[in-house]
Structures are given as C-alpha cells and as structure tokens.
Amino acid sequence: RSLRVDVRINPKKRGHPANRRKSPPLILKRVMRISIGRIGWHILTVLVSVVLSNEHDSLCDEKKGEICAEPIHTVIRLAKRDDELARRIAADHDMHVKGEPFLDTHYFLYHSETTRTRRHKRAIVERLDTHPAVEWVEEQRPKRRVKRDYILLDNDSRHANPFRRSVLSRDGTRRSQRQQPQSPREIPSLPFPDPLYKDQWYLHGGAVGGYDMNVRQAWVQGYAGRNVSVSILDDGIQRDHPDLAANYDPLASTDINDHDDDPTPQNNGDNKHGTRCAGEVAAIAGNNQCGVGVAYKAKIGGVRMLDGAVSDSVEAASLSLNQDHIDIYSASWGPEDDGKTFDGPGPLAREAFYRGIKNGRGGKGNIFVWASGNGGSRQDSCSADGYTTSVYTLPWYLEECPSSIATTYSSADFRQPAIVTVDVPGGCTDKHTGTSASAPLAAGIIALALEANPELTWRDMQHLVLRTANWKPLENNPGWSRNGVGRMVSNKFGYGLMDGGALVNMAKTWKTVPEQHICTYEYRLANPNPRPIVGRFQLNFTLDVNGCESGTPVLYLEHVQVHATVRYLKRGDLKLTLFSPSGTRSVLLPPRPQDFNANGFHKWPFLSVQQWGEDPRGTWLLMVESVTTNPAATGTFHDWTLLLYGTADPAQPGDPVYSATPATSQGVLSRVQQLTSQKRTFSKRPQAFSRVRQMPIPSGPAQRQWVPQRPQPQSVFQQQQQQSAATFGQWVWDPVAQRWVWSRRIRKHEPPSVPHRRRYKH
C-alpha cells in the first residue's frame, strides 16, 4: 500500500505491447515518454491493471487530514421517526444504525467494511432509494474543515512541539522562561482576583486608543449570562476543567464522533481548540484561576465533531442538538482559508440552520455565531464561505466580505497580546488568536443581552448588534463608507466593534421586529443562451424593483442575497459588485489571485448586510468584471437572482422613515460610471494593456462599461504570433455545444518566419 507508481504510458505508439493489452483508460490517457524494455511494459501493465481492477476510491493525503479508508456512510430520511423501522432497513442492507436520529427523522447508517468498491456503494444507495419507507437517501463523504486559529505563536506551535498543551498554570505562573508580552496598561483596581484578568486587555481599555468592548458596563448592571446556554461546536471541551466545571451544561454537550454524551477531547496535544473557545465565553470569575469569561455565569457545553471525518450529517447533527435548550451555537471552523476554495453547508446542514431559526428556543430561533475565516493574508474572502453568507448566521471578522455585521477584538500576530482563556489539561493560555478567538467573544456578549431580555429573536439580535456597533475605535482603518440610511459600514469590520454595554441597554427595551418577508427578482438574458465573455471585460446588469408591493412587501431591507452563475477560465479573476438604488456599493466578490479554478460558481449565494434599513425600490445594478491580463481568457455568464429580505414596517416604532427617490436605470449607470471613471492600475503585467478607453454607457440591461484595446506588439516575434493567430484562428459559435470555441486550421507547412511550432487548445 505504501508503493506509489509514477509511470505513465504513451498512447501514441499504437503498436506498443502495453497498448495492445486492454489496460485501464485512466492510465492510457496520461502521457509521458519513458525508456523501458518490452518485458517491463508487460509487467507494469499487468500490475497497474490488477491494482485498478478493484475500483478503490481515489488516493488521499493523510498529511492534509483526509480520510483514506472509510466505511460506507449513508443518511436516510423516513416519513416519521421510527427507530425499529430504521434498524430493519439497515439490517436488510447489511448495515447498522449509528447514534440517535437527528433532524427528527434522519438516521445515520454505516457498514464497517472499508474495501467496498464505488460500484458497490452506489448499488447500496440505489437499493435504499427504492425502499418504499425511505423518502431521501444520500451517501456521506468527508469534507475538508479547518479550525480557524490561524496564527501559530512561538512556544505554542504544533509544528515545533505538537504535544505542548499549556503555557500557563491555573494560578497564572509561567511554565516557560520565554519573555512574554506585558499587559497593555496597569489596572489600578481589579474587580476579580483571577491572576490573568489583568492581561485581558480587550475587557478593560487595553486596546489602541484605550478602547475595549465595554463589557464592564454590562457587568456593573449585574448581567453575566445567567440562564443562557452556549454550545461550542468544535473538537470537544474539557468538562472537568477547574475554570469550567461549575458552568458545564451536559444538555448542551455530546460527542458526534464517537456517538456518546462525553465531549472530552482526545489527549493528543492537538484538540485544545474547543476548550479554549469555551473559556472565552464562560470561564468562572473570582476563583483565582486563569481569567474571566465574558458571560462568566452562562452555561457552557461542547459538541465534539471536528475530531474525525466531518460530513454533512455530522454538521447537521451538531447544529440540531437540543435546539429548544441551547440558545447560542458558536463555531470557529469552516472550509479551507487558502484563497481558492468555494464551499459551504450541505443540504442537511442547511436544513439544521433553517429548523434552528424557525423552531429553536421555543420559536424565537437559535443564534449561530460563525468565525469568518483567517485567509485575509492570502487575499481570501468570506464571500466564498457558505457558512458566513447564510442569512441565519452572525459572521465575525478577519476576511473581508459584505456579510459581516460587526467585529470583536482578537490578535493578528505574535507581536500583539492575544486572548486569555483556559487550556488543556486544566491549565491556562494567553496565546489564543485569530477569528477562533473572535467568535466566542461575540457569543459571550450576546449571552449578556439574552439575560437582559430572554424574548429576543434571532433577527432581533442581528438588529441590536448592528445598531449598537461602534465604528469609532476602527475609523483609522481604510474602507469605511456610508450607506443609504447614514450608517458607517466596512467590508472588513461590518458596522463596527461590538459594545456590550450598549447592546444590553438597548436589549432591555427592545420590541420584537415585524415579520420578515422575502422578495425575489430573477434576471433573464435577452438571449436564452449563456452570454460569452472574453478576456478583460465588464458587464452591467440592472433590475427594476418595486419591493413586491402587490404581495409580501419589503420596504425596509435587512439581508440582500445575489445568486449568480458564472463560468470563467480563472475564477479568481472575477469581481462582483452590487449597487443599491440608494447608491450603496457592496463588493460581493473581490479578486482572489490564488483561485485558479476554471469551473466558476453555480447559483452561489452572495450575501450583503450593508444595505440594512434602506428602501429597496428602484434600480439595482450587478457589475461583473474581470481583472485578468490574459486576453484569451474565456467564460460564460448564465444568470443571477436578487433576493431581498426585510419588512413592510420599520423595525421599531420610533425609527425614522427613509423615503429615498427610487433610482432609475440611467441614474444608477451614471453613478457607476462616476465611481469607475478613476484611473485604473494593474498590479500584474501592466504592459498587457496599453491603455483603457472609457466608453459612455448606453441604456439597456447589460452593456460593457469599458473596452480594453488590443496590446501593441513589442517585438517581431509578437507581430508574427499575432499575424498567425489572425490568419489561422478565430472565435466561432458552436450550435451543438452552445458556446463560443476557438477554431484553428492545422497547417502542414509553417512559413519560415515563425521560429517554432506551437499548438494550443483553448
């Protein structure tokens, strides 16, 4: 099994013995010329054929955390909960029911054999699908999910010492002789005797400018998260930790990986993430150990679900755990933050989100707090993360996207003091960082508000966080703009820094918001075929919106979603920008240089909260453009849909009424022309475009904003290449494939002016 054969057969030699044998086509299509004898070809072909005849699943990389040999996992849905029927169905297919049902009627079935072929797996799923009692079935496959702690600090790196578990002991004394950063300022009097409270700079004015998250104002009023239950969805929590044990909530805890009720993580030095997040929320105050949790009287639980293969069913079972008891779910994980991944929740996880906001907490809705990701240094965007672009979650910063509502403090590198919390086994740490540290702080502040007003719904909480966020501590950062109702907003920080005191004060007198309506508009191309796009382009698509006045009106916006389908040679070169009738500009998807995917995205939900409170009536504009420097890059634009979430009445009785004049198509296009008329600069290969010619935008649903000129030849060789392409190749419409293709005539004799022959397929 450890042998890896890296030899590929040349299929051009038709008379070769290896090609006369009936070898697997997967091998024959991979071409590399090698020197090997006739007998060697026979032996190699036989060995490769035997290996591939078993139809094993594709190889995986254990170093990346991928699962190489997994049994058959499937999920079935029955019409109603019937444990006995589920066991009979599993037995009929040589399978077993694993764990308790989730989402009421969904059962997890598995087969312990790991040598099943893909064909056999498909056959089992097909037989389950034909069973009369099974409404739905799906095979479960592992997903790549990473913890968002991002920064690996000195003496706390899993690469340097993977079994180093703690930096500090419970009394706050150092276990390492390394010089630690000093407390940001001296605190003359401390309300808590906990030894590391003085290092919790984010709780008592230790940030730049003397700011903090104003949590002490809530504490002074007596709010500490009582009767609020928070569950950490992670790799488990140490339930007997001295700084957590008194607040541990078994009803908010379970082990999805091992299918039991104990969320204690494995003692291997790597599973400390969930325990650290739990300490930020509910570390006990006044016990002379570690620091203080933001909601130090809240009940804390944990779901062990990241310490194994993470599939759609694992996520759904975690998100749907005891939704009537748990108030807040905090998750500091998600897809890879590598700047090239588009991924999000599957159908089961989406169903768990929906049931949580509809039925959780007695109908008031669960609150899902999500870390937005740590891919900012790789120019990643949380718009490519389907968890943060969900209407039902509260995303927290570090990657830029218009779905962020607010932010909390964290740290960016080892030179800055990080977050103080508990650690395994039974210790403390002051090295917790990244958005992993940001999301639990937000969950703790929300717990304070829920104690002040337990009747708050999930939408009430989003309104409160947005209205009480303070942008002043972050005003020196670039990227702030004012939306249509006068609120300052940023792609990186949302509406600003969370303010615990202001949130609690507003929550005490808050009235439940009106019912949410959804208004949908679908853009249709004049030509039913996808629109071809070539090279560097810019397309403007407009939609006239009346707010669904005849049905369920939306006159006060909350969330705005754009579902778009685009195919392009390099997905990372695409940029999507949305303009509201009030002129608010939201970059739905910035360029991502690391993303070389050629499939684009299909019906991807881009979310923006930057138009919150605006009147949606008027003309909306979606600008789709490319920043490529490759004039031969091709793709197609298929469709887009605009979804408006909001209310017919103001959120609160005393709210001001913003009645902006509805923008016309020509007015919005003129506004876009003003915003895009600035001089453009190119960071990569600026010589590829001699200059950019600004074109006036005529009226119409989709027109080009500007057209790049053909680059001027820089050498004789480039002139020869251009002459050859113009003479022997052109773009033609293929009526069968329904797309534009590049047509070339292969010449038998090259003219002597061409230095050497090159053949390209586009």
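FYI, residue positions are counted from 1 along the chain as it appears here.
A Cβ is built for glycine as well, from the same backbone N, Cα and C atoms used for every other residue.
Looking at 1-22, 331-352, the range tied to region 'Disordered' in TrEMBL is 1-22. Annotated pair HIS273 (active site, charge relay system) and SER436 (active site, charge relay system), C-alpha to C-alpha distance, rounded: 8 Å.
Cβ neighbour count for HIS273 (active site, charge relay system) (all protein chains, 10 Å cutoff from its Cβ): 24. In terms of DSSP secondary structure, the domain 'P/Homo B' (512-650) contains 3 helix, 74 strand, 62 coil. Over the domain 'P/Homo B' (512-650) the predicted model carries a mean pLDDT of 91. Around ASP234 (active site, charge relay system), the C-beta neighbours below 8 angstroms that are at least 6 residues distant in the chain are LYS147, HIS273, GLY274, CYS277, GLY302, VAL303, ARG304, MET305, LEU306, ALA331, SER332, TRP333. Around SER436 (active site, charge relay system), taking its Cβ as the centre, 29 other Cβ atoms fall within 10 Å, counting all chains. The DSSP secondary structure for HIS273 (active site, charge relay system) is helix.
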